[in-house]
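What follows is one structure encoded as structure tokens, with my remarks underneath.
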Amino acid sequence: MSTLQRSIINDNHAPADAISKLYEDNPSRTKTRSSTQSSSHLDLVLTHSHGALITTHHHHSNLHHSNINRDQQLLIFYKSEKVSSFCPFLLTFIVPSTNQMARSPFHRILLFAWIVVLLMDGVHASDGDADPIYKACVEQCEKTGCVGGKCFQHCKFLSDGKPEGGPWYLQEPLYLQWKQWDCRSDCRYHCMLTREEEREKLGGKPVKYHGKWLFRRAYGFQEPVSVALSALNLAIQFHGWVSFFILIYYKLPLTPSKKNYYEYTGLWNIYGILSLNSWFWSAVFHSRDVELTEKLHFSSAVALLGFSLILAILRAFSVRNEASRVMVSTPVIAFVTTHILYLNCYNLDYGLNIKVCVAMGVAQLLIWAVWAGVTHHPSWSKLWVAVVGGGLAMLLEIYDFPPYHRFVDAHALWHATTIPLTYLWWSFAKDDAEFRTSSLHKKAK
């Protein structure tokens, strides 16, 4: 635990006072430290860099020299290479009025909030990235092209910088060329595998690397179980949508103008298309995780969740008028479009995306749950099972754990739970179409 953390926890002062105490020129304390541990280091503050919490240090003798006042110490702290990424914000509020900071509630709250943000970011950091053994392994592999006794052909380069033996797609069988494993990705994978095996022998727990758990490749697939389950979900979605289409256009009665009675046919058709698109890119993403497949996967999932929310609102509140549907849908479409553009064009923020997806998922589950409780729909029980099952499945997206035998993690289990829920969901959609068609057909006679 750093000096800053101990000061905040043990000191009776406010967080701002705890920070201020780190920079106070205490003669007695300086004298004791200089006589006993003149070469010791002083933890200045926890800073955030590349998703991990790090601690910057300065020699005690440099900070507590009698000729350096508090503001100069802060400037030294600001110029530190490790904190340059966020210090302009912090320095703006601290340097001009260090003494006033202790008396100002605004500064105390602001500084406390900033510290909490840094600590929260650190909770989601990847410990594997900061492992010096792992980093040294990757650096060595990129130079030699080998990890242990395993060497990679595309890590060997000629004097002109081109890979020995030609580009990567000429060095492997045709059925493996699509995955585009390059020197760095292979080095990272085998170094992670080696490091995790060492950690397991020492009784350590698995850690994340680059924000993700380590999965064992199989037949060129990065996450084989998730790929298989995504493909199965895609098949179930296709079966459900086709059976709904056949029911609507070939089995249920039509109006005299050859149109179907069910008012929500178009919405369910769009939902089916977006579902197929989402599960397709999910399978592609879990096959090979690169920036393009990641963005396509995230964007398609957000689009599906956004439209599912629109469908829930329009069906639960029986919105049939086209103008009313446009008024209800426009804000949701605008929000979803903005979020997708943010992810693709500005910052692919995993944490923010999870919050947005969970919020939209919970909102539509609550709408369907309330509607199922107050309506006399003949298939309300199916809807209840789908809603409760969807809520429980969502917990797997929130609660994360290391992959079992490096194959099955919480996300893969979520893929498995959505298979029966998808079948049940399309069954409810068909029942709803039959119920509404029957009611409207009787009225039309």
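Cβ coordinates come from backbone N, Cα and C, glycine included.
TrEMBL entries are annotated by machine, without manual review.
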> In TrEMBL, which of 93-116, 261-284 is labelled transmembrane segment?
Replying inline: 261-284
> For the record in TrEMBL, which of the ranges 202-220, 411-429 is the transmembrane segment one?
Replying inline: 411-429
> For the record in TrEMBL, which of the ranges 326-344, 383-401 is the transmembrane segment one?
Replying inline: 326-344
> Against which stretches of its own chain does the transmembrane segment (261-284) lie, if we need a Cβ under 8 Å and a gap of at least six residues from its ends?
Replying inline: 226-227, 230-231, 233-234, 237-238, 240-241, 244-245, 248, 252-255, 293, 296-297, 300-301, 303-304, 307-308, 310-311, 314-315, 320, 415, 422, 429, 432-433, 436-437, 440-441, 444
